[in-house]
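Q: Okay, so Swiss-Prot annotates it like this:
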type     : residues : note
TOPO_DOM : 1-13     : topological domain 'Cytoplasmic'
TRANSMEM : 14-34    : transmembrane segment
TOPO_DOM : 35-49    : topological domain 'Extracellular'
TRANSMEM : 50-70    : transmembrane segment
TOPO_DOM : 71-83    : topological domain 'Cytoplasmic'
TRANSMEM : 84-104   : transmembrane segment
TOPO_DOM : 105-223  : topological domain 'Extracellular'
CARBOHYD : Asn111   : N-linked glycosylation site
CARBOHYD : Asn129   : N-linked glycosylation site
TRANSMEM : 224-244  : transmembrane segment
TOPO_DOM : 245-249  : topological domain 'Cytoplasmic'
Amino acid sequence: MEGDCLSCMKYLMFVFNFFIFLGGACLLGIGIWVMVDPTGFREIVAANPLLITGAYILLAMGGLLFLLGFLGCCGAVRENKCLLLFFFLFILIIFLAELSAAILAFIFRGNLTREFFTKELTKHYQGSNDTDVFSATWNSVMITFGCCGVNGPEDFKYASVFRLLTLDSDEVPEACCRREPQSRDGVLLSREECLLGRDLFLNKQGCYTVILNAFETYVYLAGALAIGVLAIELFAMIFAMCLFRGIIQ
């Protein structure tokens, strides 16, 4: 009976570690996606280190869980006491680190305010300057989503650097201009009328809602995965210790 129980724990340990392996791969994938996001949202909040820190934590935790899941599977199948003990201690450290990352993600979500984005835009935006990463990223977002500013075109009335560079000749940047719906090259309806602030030729929608939804998509996804991985890790630690004690006896 004791042998059957030990064998059952061994295979349960293997199953849990296989799920940890998959969870680590998912977290690793999300972390990579955040870092190489083609729409460039990362650069918009580059002044806030929480997003970058969170992405690196996802990468680190995903990579560790990926390797640790493989290690746990080997320890369970081979019934190696050293591997099991190392697995237990290591996964305990990761468990505590992930709790810290969850708190960090919660704090970061609170910083995604309309006021924060508006402040960053009015302070740093430089118009069509492609050499400035912040401005180029904002231009990419506004063109991609057909929006203008954080709240709307009126944001650029208070963008000090933009107003200085354009000598107040343009009401809005070119990225705010509406484009021909059927045009693959993004031909503007009327650049001149748009830059003069004519409503018919510029996008009136602010980008805040679009950006917030995009961030919340992978924040919630990462949070759901983290909760699932934490639960699996907890059971894996229990099975690892039970299997370790069973091997000793």
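First residue shown is number 1, and so on along the chain.
Placed from the backbone N, Cα and C atoms, the Cβ positions cover glycine too.
Keep in mind that this is a model prediction, so the values were computed, not measured.
Could you tell me the structural context for the features on the list?
A: Sequence-distant contacts of the topological domain 'Cytoplasmic' (71-83), counting only residues of its own chain at least 6 positions beyond either end whose CB sits under 8 Å from a CB of the stretch, comprise 10-11, 13-14, 16-18, 20-21, 90-91, 236, 240, 243-244, 247-248.
Note on the transmembrane segment (84-104): residues 20, 50, 53-54, 57-58, 61, 64-65, 68, 71-72, 75-76, 223, 226, 229-230, 233-234, 236-237, 240-241, 243-244, 247 of its chain, located 6 or more positions outside it, place their CB under 8 angstroms from a CB of the stretch.
Following the DSSP three-state reduction, the secondary structure of Asn129 (N-linked glycosylation site) is coil.
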Q: State the mean pLDDT for the topological domain 'Extracellular' (105-223).
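A: Across the residues of the topological domain 'Extracellular' (105-223) the model's pLDDT averages 82 on the 0 to 100 scale.
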Q: Including all protein chains displayed, how many Cβ atoms other than that of Asn129 (N-linked glycosylation site) lie within 10 Å of its Cβ?
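A: Counting Cβ neighbours of Asn129 (N-linked glycosylation site) within 10 Å gives 16.
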